[in-house]
C-alpha cells in the first residue's frame, strides 16, 4: 500500500516483485497479509454465496449434496484460517511496532517466512477441489471417522495444508510476543500498552498453546488413514469422541484467537471517536486474560450431545457460563467509554458501534447455548450457525473493517472516501442482519445445519437469508474500490489523522515512513 | 368487529397456516422434559432481552445525546472501582440464578432408569435401524420422499424430506429408552418435539429416553454431518395407544414371516429385475447413482465392474458383508433374501451389464442362515 514512500535516508524498499518476495519490513509484510486475507475473504465469500444460492429454495437446484458439503467445509476453513486470522496478523504486523515504538518486528526474517508459507498452504488446500473425489467434505470441524475412514483421498493434502497454516501461525505468534516483550520504547510499561497490543499478546500465547494441538490431531488422522493406527476407530480400540476432545481443545481457544484482537481494535477506536479515555483500562486487560484462561476449560460445550457423564456436562456448563462475566465487563466498559463522551461517527466508529451491539447479540445466544439441557435442542441447528456468524462476521470481520478504515490513512497517507465508507458500512450492517438474524428462527424451529435441502416450513427465512448474503457479499466491492482509490489518489491525511487519536502510531508521518522509530521515542 | 364476523374458526385456520410458514421459536414439544427445556429457554431469552435493553439503551442514549454535533463535551472519568465491581458481581449472581434450574432439568434428563421398552437405534449412511430389544423386531427406516420432488420435477408434498418408509412406533405413556450407536460415521438422532437429541457413535452406546403421553406423529432429522446424504435421513416417530401398539407388533411379526416364506418360491429373471430396480433405487442409488456409474473417486461404479460381471460369489459376498474400511455397508440384515437376490441380479443385468445369470432368493436365504 505504501507505494510512493521512502522518506528516510536509509535504504528504501527494493524494486519490483523482489520487494514483496524477500521483504523483512513489517509494513510490507503486514500489507501482504492484509491483501492475502482479503483475497481469501472474497474466495470464501463466493463459496458462501454458492451455499446460500442453493438454499434459496427447497429442492436441489444448483449443486449436488457432495459438492455442497465441500463448499461448507472449504468456506469454513478459508474464512477461519485464510481470512480472519491472517487479517489480524496483518494488522499486528503493521501496528504493533508502531504502537510500542519499535523499529520493526523482533524476528524479521521469520516474519517473511510466516507469511510466504500461507499462499502455498492455501493453494494446496484449494487445489483439492480439482482432485479425484473432490475436496474435503466433512465440515471445517472434520469429525472422525467421517474425515478418516470415510474421507475422500484429498484429505491428505488437507492435513498437510493445516500443518503449514499451523507453522505459519506459531511463528507469527512467537514474533509478536518477542516484539512486545523486548522492543517496547523506553517508558512504555506493560500497563501503558495500547489494548490492541495487549489483546494480541494474549492471543499469541493462545496460538502457541493450541496450534500444536491442532497439528497433533491432524497427525493422528494421518496415522489412522495411512499407517494403520486406530486413534479414532473403535474397532481398533480407539475412540471417535477422542477426536472431538482434542479438536475442541484447540477449537475453543481458536474462537477467542479470532475475537480477542477484535476487542483490542474496538478498544482503540471507541475512545478516539468518543474523545474520551477508555473506561476501565486495567479491567479490560484482566478481562481479556481471564477469557483466555477460561477458554481452555470449556471445550466440551461443543459436545454436550456426545454422551458426556452428568458431572462433565455440569462442569462444562458452569465454566462456559462464567465466560459471560469478563465478556460483560468488556461491553460495559465500551458503553461507559461512550457515555458522556463527545462522539462523531466516521466509518471506523460505525463499524465499532455495530460490533458492540451485534457481538453482544452473539454473546447472548452464546449464553443460551451454554445452558446444557437447552443445548440439546440448539445443538447442530441453524441457531448455532446464527450464533457463531454473529460473533465472527459482525464480530471479528467488522472489527477488521473498522481497523482497516481507522489506520488506512496512516498506511496510505490519504483519507479514504468517507461517503463511500458509510455506504459500505450500511450495506454490511443491513446485509449481515438480513442474512444471519433469520437463522436464529429456522434453527429454533428445527433446521439442522450443513444440509443442502430442507423441509418446506424453513423456506421463507432461507430465501430472506440468501438475499441478505448477496447484499453483504457484493458490498465488499465498494470497500475494495475505496481502498484502491485511497492508495492511488485522495485527500492527503494529516499525521494525527483523527481529532481524538492517541498513541505512538499517530506521532509518525502519514503515510508511515518505510522505516520508523529508528530512534526509540520516549513515552512519558 | 371484523373478527367476530369472520368467526373464530377462520381466524384459527389463518393462525395455523401462517404459523407453519413463520415458525420462529422452539417447539414446546410433547414431553415433560421438552416443556421444561422450553421454559428454561424462554426464561434465559427474556433475561438476555432485559440485559440487552439496559446496555443498548445506555449506548443509544449516549449516541443520541453525547454526540459532538450536539455540542457534547467529553467528560474525563475513566475508571470507578465500585461500578466495576458491581458489574462483575451482578452478572455472576444472575448466572447462578440461571444455573440452578438448568442443573435440575439436566439431572432429570440423565435419569435413564426404569425403562419399560428398550429400542436400539443404529445410524447408517443414510438411514436408521430400529431394533426392539426382546421383541425380535428389527427394521430400517429411510427417506420416502420421491427423488422427483427433490429434483424439482414434481410438486413437493406436505412432509417433504420429513417422511420415511417405516416410522419408529412407540407406545404412549410408557418410558421408552433409546440405545444409540452407529454403523459407520457419527450420526445424531433428534426429534425436537421429544427434546431428544443424542449422538450415535460407532463402537459406543449412548442412552436417551422419553415418555410421550399423546399419540401422534413426530418428525425430526439427523443432526450430525454424516456425509453426502446427511440432509436426507429423517426420523418419524409414531406414538400409538398401548392397544394399537400391540396390534402393530403382531402385524410386523406376521409380515416378517410372510417375507421369509416368499424366498422359497421360484422367481423369474424378469420378476427379480423388477424388484431389484426398486431395491436398488432405495438402497444403492445414493452412492452408485441411477446410471450405475458411481461418483469417480468417491463411490465406485457398478456398470462394467469386474465384480458385477464376474463370478456371482464375490458379488454376493460384497453386498451381504460390505467392504471393511469403505462406505460399502453390509446389507445382510438390511434387506430380505428376496430383496438381496433381486438387487444382485439387477446389478448384474442392468445398464448394459449382461451376465444373464440369476441369483435366487433361496440361495441367499441359505447364506443368511
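Cβ coordinates are placed from backbone N, Cα and C, and glycine is handled just like the others.
Since we're looking at a predicted model, the values are computed, not measured.
Among the features that TrEMBL reports, domain 'Cytochrome oxidase subunit II transmembrane region profile' is placed at B:18-113. Taken from TrEMBL, the feature domain 'Cytochrome oxidase subunit II copper A binding' applies to B:114-251. Marked as domain 'Cytochrome c' by TrEMBL: B:271-351. Annotation comment: TrEMBL describes B:1-20 as signal peptide. The annotation transmembrane segment is assigned in TrEMBL to B:44-64, B:85-107.
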PLDDT averaged over every residue in the domain 'Cytochrome c' (B:271-351): 87
Residues of the domain 'Cytochrome oxidase subunit II transmembrane region profile' (B:18-113) by DSSP state, where helix covers H, G and I: 70 helix, 1 strand, 25 coil
The domain 'Cytochrome oxidase subunit II copper A binding' (B:114-251): DSSP-derived helix, strand, coil residue counts: 20 helix, 62 strand, 56 coil
The domain 'Cytochrome c' (B:271-351): DSSP-derived helix, strand, coil residue counts: 44 helix, 2 strand, 35 coil
